[in-house]
């Protein structure tokens with residue numbers, strides 16, 4: 001009961017979780033619309049018999065389940081080979097090849113798969129033997145494909161709005177799901193789903209798993225690469241205009257964390273500065289005993305402050321190995337001139353409430369180390385525990401399960417499978433997900449969805465024959 005209460009409270013509290021569930025529902029609904037409305041849940045036998053075994057084809061073992069198992073294993077072997085090839089490119093720093101691969105895959109879906117779907121839809125509406133209707137079909141295919149393709153380019157390859165990127169993620173994953181439903185023979189889909197379940201566990205959790213190793217090299221790539229492979233439910237962008245209070249709380253939390261990090265950094269820096277100044281005093285005393293600083297010396301601070309921003313000067317470049325008198329004298333004079341310069345002190349500030357926003361912005365922008373100002377990488381984005389992310393493959397296989405459930409012709413089974421997927425996803429993201437590690441989002445939803453589907457089918461057949 002405590003677990004259920006925790007799940008329900010997290011579902012109520014997190015707008016990211018609710019938006020992710022809504023996106024999954026939209027993805028499954030769009031897949032069903034195309035799968036049923038355009039293709040009438042029929043497999044493309046011409047394409048399917050080229051690559052798979054089935055009793056209705058010439059190439060078959062004669063056993064439906066054995067054919068499905070062989071097809072499923074073969075599909076995962078191909079997936080594994082592609083994954084390890086990509087892993088090799090990543091490990092050996094073939095960054096251009098990796099980016100080109102991801103880019104071409106995205107463009108193929110935006111222009112190729114979408115155009116094929118539009119062709120299959122409009123060819124059923126218009127008579128292809130009539131020239132006028134044939135030309136109308138071409139126009140209705142080309143124009144939407146160009147608009148959709150270039151819209152997707154803007155969404156995936158530029159700094160577009162997050163909602164636009166999410167829309168194209170949902171539609172692209174639906175197109176891929178329908179393509180798989182059209183290619184896989186009837187029972188092959190179930191074997192593919194269950195075998196890919198174990199593959200996902202290996203790829204994400206095993207030390208030599210492809211996704212595990214790729215994450216270790218994520219710091220070599222810009223965070224923009226994630227736009228091509230992951231769905232992000234960014235709460236700050238998501239709630240724009242709809243939940244301003246929650247957004248402001250998130251911004252305030254970010255400011256407080258930044259302030260805390262800044263205080264810790266300059267507290268450590270002050271200790272290093274004290275040690276440095278002590279060395280300077282010793283040098284002065286060794287060269288000229290009369291130059292030993294007194295209590296009025298600028299080197300002695302009347303009141304120590306936990307945070308103090310000092311301008312860097314050339315004396316910081318002095319080392320213990322420097323013994324030249326002229327260099328020491330130069331360092332002393334530079335230090336004295338530096339001490340007379342303007343110093344920004346924030347010793348009395350410890351929380352965000354004690355100063356205005358502009359003062360903290362200046363503090364953070366001017367005082368953080370250079371390493372904190374580097375461009376954000378994919379590793380930084382993946383390690384951000386405040387953003388909920390799902391891989392494109394998760395959306396694809398959720399919809400693949402729903403499409404296969406719809407092929408049974410039982411609406412009750414489809415709804416049950418969808419509820420099972422959503423329940424498994426909620427449990428995965430609330431109970432098993434942690435900020436320290438990546439949690440596979442495919443196994444539990446597939447298990448719950450499959451269980452709910454077959455259970456509902458069993459009860460449906462018992463009740464209605």
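All positions are counted from 1 along the displayed chain.
Cβ atoms here come from the backbone N, Cα and C positions, even for glycine.
Here's what Swiss-Prot has on this protein:
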{"type": "COMPBIAS", "residues": "326-350", "note": "compositional bias 'Low complexity'"}
{"type": "INTRAMEM", "residues": "440-460", "note": "intramembrane segment"}
{"type": "TOPO_DOM", "residues": "1-18", "note": "topological domain 'Cytoplasmic'"}
{"type": "TOPO_DOM", "residues": "40-71", "note": "topological domain 'Lumenal'"}
{"type": "TOPO_DOM", "residues": "93-96", "note": "topological domain 'Cytoplasmic'"}
{"type": "TOPO_DOM", "residues": "118-136", "note": "topological domain 'Lumenal'"}
{"type": "TOPO_DOM", "residues": "182-190", "note": "topological domain 'Lumenal'"}
{"type": "TOPO_DOM", "residues": "212-389", "note": "topological domain 'Cytoplasmic'"}
{"type": "TOPO_DOM", "residues": "433-439", "note": "topological domain 'Cytoplasmic'"}
{"type": "TOPO_DOM", "residues": "461-465", "note": "topological domain 'Cytoplasmic'"}
{"type": "TRANSMEM", "residues": "19-39", "note": "transmembrane segment"}
{"type": "TRANSMEM", "residues": "72-92", "note": "transmembrane segment"}
{"type": "TRANSMEM", "residues": "97-117", "note": "transmembrane segment"}
{"type": "TRANSMEM", "residues": "137-157", "note": "transmembrane segment"}
{"type": "TRANSMEM", "residues": "161-181", "note": "transmembrane segment"}
{"type": "TRANSMEM", "residues": "191-211", "note": "transmembrane segment"}
{"type": "TRANSMEM", "residues": "390-410", "note": "transmembrane segment"}
{"type": "TRANSMEM", "residues": "412-432", "note": "transmembrane segment"}
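Summarised by DSSP class, the composition of the topological domain 'Cytoplasmic' (461-465) is 4 helix, 0 strand, 1 coil. Across the topological domain 'Lumenal' (118-136), DSSP classifies residues as 14 helix, 0 strand, 5 coil. Sequence-remote contacts of a segment are chain residues at least 6 beyond its ends whose Cβ falls under 8 Å from one of its Cβ atoms, and for the transmembrane segment (19-39) they are 117, 120-121, 124, 166, 169-171, 173-175, 177-178, 181-182, 231, 233, 238, 388, 390, 395, 398-399, 402-403, 406, 414, 418, 421-422, 425-426, 429.
Per DSSP, the topological domain 'Cytoplasmic' (93-96) is made up of 2 helix, 0 strand, 2 coil. Secondary structure counts, DSSP: the topological domain 'Lumenal' (40-71) has 15 helix, 0 strand, 17 coil.
According to DSSP, the secondary structure content of the topological domain 'Cytoplasmic' (1-18) in residues is 16 helix, 0 strand, 2 coil.
A Cβ distance under 8 Å defines the sequence-distant neighbours of the topological domain 'Cytoplasmic' (461-465), meaning residues of its chain 6+ beyond its ends; there are none. Tertiary neighbourhood of the topological domain 'Lumenal' (118-136): same-chain residues 38-39, 144-145, selected by CB-CB distance under 8 Å and a gap of 6+ residues from either end. Secondary structure by DSSP for the topological domain 'Lumenal' (182-190): 5 helix, 0 strand, 4 coil. Within the model, the topological domain 'Lumenal' (118-136) carries an average pLDDT of 90.
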